[in-house]
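Now, the feature entries from Swiss-Prot:
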| type | residues | note |
| --- | --- | --- |
| BINDING | Asp68, Val71, Gly73, Asp75, Ser77 | Ca(2+) 1 binding site |
| BINDING | His193 | heme b binding site |
| BINDING | Thr194, Asp245, Ser248, Asp253 | Ca(2+) 2 binding site |
| SIGNAL | 1-25 | signal peptide |
| SITE | Arg63 | site 'Transition state stabilizer' |
Amino acid sequence: MEKNTSQTIFSNFFLLLLLSSCVSAQLRTGFYQNSCPNVETIVRNAVRQKFQQTFVTAPATLRLFFHDCFVRGCDASIMIASPSERDHPDDMSLAGDGFDTVVKAKQAVDSNPNCRNKVSCADILALATREVVVLTGGPSYPVELGRRDGRISTKASVQSQLPQPEFNLNQLNGMFSRHGLSQTDMIALSGAHTIGFAHCGKMSKRIYNFSPTTRIDPSINRGYVVQLKQMCPIGVDVRIAINMDPTSPRTFDNAYFKNLQQGKGLFTSDQILFTDQRSRSTVNSFANSEGAFRQAFITAITKLGRVGVLTGNAGEIRRDCSRVN
């Protein structure tokens, strides 16, 4: 009896290991080596050209990748035109330059006869994300490929799937852990806010109406409050965009974490990473060592790129990223 029980436990353990490695085994670097060997160069050139037109290309593409992966997995469902995920309020603020970056890169890839209709929009978005990180001074990293494009994109599927500006650490960890991402991964990915921007309407409560007894969030730097009030005065258009990193907003560096140490996190969900003792040591580590942040970011963005992917014969290779075939 004990022997059979041991065999069953071992079999179940082996099955779990097999399932957990399944996605990463199907995604791999060099996936298009035979079908479209120059895909990475083609995407790189297209993204660089778009980036030269507007810096917004970088934060917009990064945010687009994150939003895509957290809703139905990294399947480019965010790219599908309305009615779709893009109709949800959490996605309506996504900058058009992110979508345009993927469209331009897809056009460049498909203009090569050897590559036409062979590379998924999901993979192009993953590659474009790496390129904007590099273009802003961040680390380069190998991108696993082999994703297929999803056929489903609905407004309802976005509900409660994306982190909110007022989230506390428990809420952040809970949401990220559902996708196999650790607290360290979450903090590293939050570091991408170093080149991010946000709209006045998303943070004004912290500086004008934080609580019934306290107008200003006590965790926010008072000098930073003055700056924010100048950029987002009462009555301003809530869509006005401001940088999330007030020191080096166009450079992918560890300044975001140094800002948190000074109380200069734009969102509650940013500043909580430092004010909560459970995550403070990681923030301090990344603030003290850009190398530590860069390595953690590479690990986290790679894991993010594996979330909910479609591979093999699942999904499709979309001819037009904005609509299913």
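Cβ coordinates come from backbone N, Cα and C, glycine included.
Neighbour counts of Cβ atoms within 10 Å were compared across the binding-site residues Ser77, Thr194, Ser248; the minimum falls on Ser248. Other Cβ atoms within 10 Å of the Cβ of Val71 (Ca(2+) 1 binding site), summed over all protein chains shown, number 25. Excluding Asp68, Val71, Gly73, Asp75, Ser77, which define the Ca(2+) 1 site, the same chain contributes Cys69, Phe70, Arg72, Cys74, Ala76, Ile78, Glu85, Ala122, Gly150, Ser153, Gly308 within 8 Å (Cβ to the Cβ centroid), listed in sequence order.
Within 10 Å of the C-beta of Gly73 (Ca(2+) 1 binding site) there are 21 other C-beta atoms, taking all protein chains into account. When the CA atoms are compared, no binding-site residues among the candidates His193, Thr194, Asp245 lie within 10 A of Asp75 (Ca(2+) 1 binding site).
The two recorded residues, Asp68 (Ca(2+) 1 binding site) and the residue listed as 'heme b binding site', show a Cα separation of 17 Å.
Taking Gly73, Ser77, His193 as the binding-site residues under consideration, the smallest Cα distance to Asp253 (Ca(2+) 2 binding site) is found for His193.
The residue listed as 'heme b binding site' and Asp245 (Ca(2+) 2 binding site) have their C-alpha atoms 7 Å apart, to the nearest angstrom. Around Asp245 (Ca(2+) 2 binding site), the same-chain residues six or more apart in sequence whose CB sits under 8 Å from its CB are His193, Thr194, Ile195, Gly196, Ala255, Tyr256, Asn259, listed in sequence order. Across the recorded positions listed here (Arg63, His193), the residue whose Cβ sits among the most other Cβ atoms within 10 Å is His193.
For Ser248 (Ca(2+) 2 binding site), the nearest of the recorded positions by C-alpha distance turns out to be Arg63; the candidates were Arg63, Val71, Gly73, Ser77. Of the listed binding-site residues Asp68, Asp75, Asp253, the Cβ environment within 10 Å is emptiest of other Cβ atoms at Asp253. Here the CA atom of Arg63 (site 'Transition state stabilizer') lies 13 Å from the CA atom of Val71 (Ca(2+) 1 binding site). According to DSSP, Asp75 (Ca(2+) 1 binding site) sits in a coil region rather than a helix or strand. Calculated from their C-alpha atoms, the gap between Gly73 (Ca(2+) 1 binding site) and Arg63 (site 'Transition state stabilizer') amounts to 14 Å.
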